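For reference, TrEMBL has these:
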DOMAIN    84-146  domain 'Anoctamin dimerisation'
DOMAIN    149-717  domain 'Anoctamin transmembrane'
TRANSMEM  157-186  transmembrane segment
TRANSMEM  236-255  transmembrane segment
TRANSMEM  301-327  transmembrane segment
TRANSMEM  347-368  transmembrane segment
TRANSMEM  389-413  transmembrane segment
TRANSMEM  523-552  transmembrane segment
TRANSMEM  573-597  transmembrane segment
TRANSMEM  680-705  transmembrane segment
Amino acid sequence: QNEEKWDFVLVSDIHEMGSEKEIKRKKFLDELSKKGFTIKKIEDTKLFYGVRAPQHIFWKYQCLLMNPDSRQQNSSAHQDVPVTTRIRVVHFILQNTVTSDLEKLHDLMKKKVFEAAFPLHKKEEITEILKKKWARWRVLFKEQPIEEIRCYFGEKVALYFAWLGWYTYLLIFAALAGLATVAAGATVFSSSQVSKEICDANNTIMCPLCDQNCSFWVLSDTCTYAKVTHMIDNEATVVFAMFMAIWATVFLELWKRERATVANSWDVYGWDEEEEELALQLINNSQHEPRLYQHSYFRSTIILILVVLMIMVLIGIAHALVIYRAVAMALFTQSEVSLLSKHADTIAVMTGAVLHYITIVIMTKVNWRVALYLCSLEKPRTFSQRENNFTVKIFIFQFFTNFSSLIYIAFFLGRINGHPGHYVRIAGHWRLEECHPSGCITDLFIQMAVIMLLKQTISNIMEYLIPWISHQLRKKKKPPKKRSVMLGEEEEAEDPCKRQWLKNYELNEVNVFSLFNEYLEIVIQYSFTTIFVAAFPLAPLLALINNVIEIHMDAIKMMRLRRRMVPRKAKDIGIWLQVLEAIGTLAVIGNGLVIAITSDFIPVQVYKYMYSPCTRQNHTGMDCSTGYINNSLSVFRIQDFEPHTKVLPEFNGVQIKECRYRDYRNADDYTYTIQFWHIFAARLAFLILFEHVALCVKLIAAWYIPDVPQKVKNQILTEKYKNLHNELSMTEYCTEV
């Protein structure tokens with residue numbers, strides 16, 4: 001039985017005898033044989049080579065990486081190397097074995113000498129447990145078997161699922177708070193004075209939304225829109241934004257504690273990646289010289305310039321989307337189809353959001369290539385260093401891809417478009433979009449909702465369907481050929497390994513970035529959940545639903561649709577923690593800016609306390625925001641329109657002399673009023689106050705919750721003490737002898 005335990009399987013096409021590929025393959029397998037590897041060959045439609053490493057390799061590994069006192073024990077302690085460690089060591093040796101032509105497995109795979117190399121999913125007790133308790137849809141709301149995941153896929157994958165589970169659990173609180181905010185908006189604030197005034201404004205004539213053949217319109221037409229806006233944009237949102245800033249910090253602090261507990265129980269708390277890498281190099285080749293760290297300021301400067309260029313390209317794409325929306329708005333408004341012309345602004349926003357989603361999909365692939373190229377320029381020393389560099393770059397690129405359009409809508413839309421008679425135009429022709437009279441926050445809400453829903457539905461369906469379909473196709477392709485080969489043979493008993501190897505070969509291949517992709521997807525989602533959450537309080541709820549499905553979808557992919565991942569050791573989630581902390585800080589800034597700039601919260605407050613009827617006389621029973629809408633609209637004289645503007649001066653049979661638009665400008669010379677500057681100052685003051693308070697609360701939360709639980713600290717302390725005590729007694733014993 002023991003004979004049939006194979007660590008890895010190499011797959012190759014059947015090459016002609018004496019061909020270059022066949023010679024290269026033989027050279028590689030001979031190198032493995034020299035190292036004491038046992039190799040078993042099975043021929044089918046492809047050649048399969050089972051590889052088993054000699055036991056002494058693992059003894060060396062244990063001796064090099066054990067703590068000193070366990071080196072004195074007898075060799076019986078060498079027996080049980082965990083399967084995950086076996087696979088990791090064998091994988092390292094396979095990847096670093098050099099043939100006489102100075103080629104490694106990676107080069108041979110590029111030259112199609114070998115097609116695949118993978119460890120096996122075996123029928124064991126642990127695989128059955130994982131399939132039953134984890135990799136199926138029925139156990140959607142059950143706890144994950146993290147310990148079993150670690151024993152099968154290694155610490156790195158187990159930590160990913162532990163982190164994802166923890167994040168999902170804490171999202172419940174954020175989702176409830178988001179729902180409460182929306183519920184408060186729909187009930188308490190639905191009868192707000194501001195939306196009431198918009199709905200009653202039957203006589204407020206607004207300036208046309210486009211230059212050609214657009215008529216004037218009445219403010220009360222936008223009653224529904226105003227109600228929706230006020231459902232998101234109210235006092236509860238400010239509290240919710242504050243709550244989410246604290247939530248992001250508490251989530252990370254509690255995760256650090258959870259990680260410390262888990263790492264300690266797995267005995268990887270003091271594990272050193274560099275030491276492990278050096279030990280594996282020495283086991284593979286005892287003459288190996290370590291590759292030293294290098295740093296070149298010239299190379300770093302080049303990379304920095306290229307990163308900045310890439311970011312400028314991504315911002316340029318966001319500009320293209322802005323131009324699309326301005327042009328689309330103009331074309332839809334003039335359309336013959338009444339549905340298009342009536343809802344031109346909403347349709348422009350919706351199609352803009354869908355286009356944005358398409359650019360995200362395309363640019364993700366481009367960003368990937370660029371980040372990989374930049375990493376190869378850097379020449380990092382180890383794989384983990386390469387992974388860290390890649391993570392930072394791809395995250396920055398993805399952040400700008402996903403968020404540049406949202407940043408424009410949140411902070412620039414409607415603020416840089418000029419005013420009637422003096423509009424800012426693209427190529428001197430198309431007017432930039434304006435904000436809705438009840439605020440810009442609903443545009444941001446629509447954009448976020450469309451992108452999050454599309455991302456989560458389409459991306460998840462594709463993520464599951466593509467591996468499933470390709471697995472089904474691979475399964476269908478193989479068996480007939482296999483049988484025809486077998487019929488040609490004398491009725492030979494089929495090797496039990498053959499079926500198992502074929503079955504594993506039919507699964508989808510795993511690449512180095514399989515786990516990385518999962519992390520990136522969730523971290524971008526975390527950005528959506530925290531950064532602009534003030535404009536879209538339902539984001540945590542969508543994230544929660546997505547994650548519950550995501551956990552089991554990833555599990556099914558890893559257990560049933562993909563070949564087994566090479567287990568990797570880790571003691572934390574690596575550089576992702578710093579990325580999450582950066583997002584936490586951005587979330588404070590982002591939400592502060594949304595409330596100060598995008599939302600109407602500040603103008604309403606300034607009006608209440610400085611310009612409303614309440615300030616002039618004591619009206620106790622009166623709502624202080626009465627008259628806000630009229631106050632926030634400026635007056636424009638029709639005669640001052642630009643010459644090429646074609647406006648029908650009649651509206652409902654009445655000759656119109658002036659119209660209203662959303663801004664704080666004087667009626668005579670269109671300069672900013674003093675109220676505009678009061679609001680500007682208040683926005684700035686609020687922003688500084690909000691960010692400082694939120695950052696202080698974050699710092700206090702970070703200090704209040706220790707990163708490492710007391711229990712873990714004490715366990716480590718006791719362990720150190722025991723080791724030193726043993727050393728001391730050994731030294732005393734030696735000196736007495």
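Every residue, even glycine, has its Cβ placed from backbone N, Cα and C.
For the transmembrane segment (157-186), the neighbouring stretch richest in Cβ pairs under 8 Å, chosen from 347-368, 523-552, 573-597, is 523-552. 236-255 is the stretch from 236-255, 301-327, 347-368, 389-413, 523-552 with the greatest number of Cβ pairs below 8 Å to the transmembrane segment (680-705). Regional average pLDDT for the domain 'Anoctamin dimerisation' (84-146) in the model is 88. Residue counts for the domain 'Anoctamin dimerisation' (84-146) under DSSP, helix first, then strand, then coil, are 32 helix, 3 strand, 28 coil.
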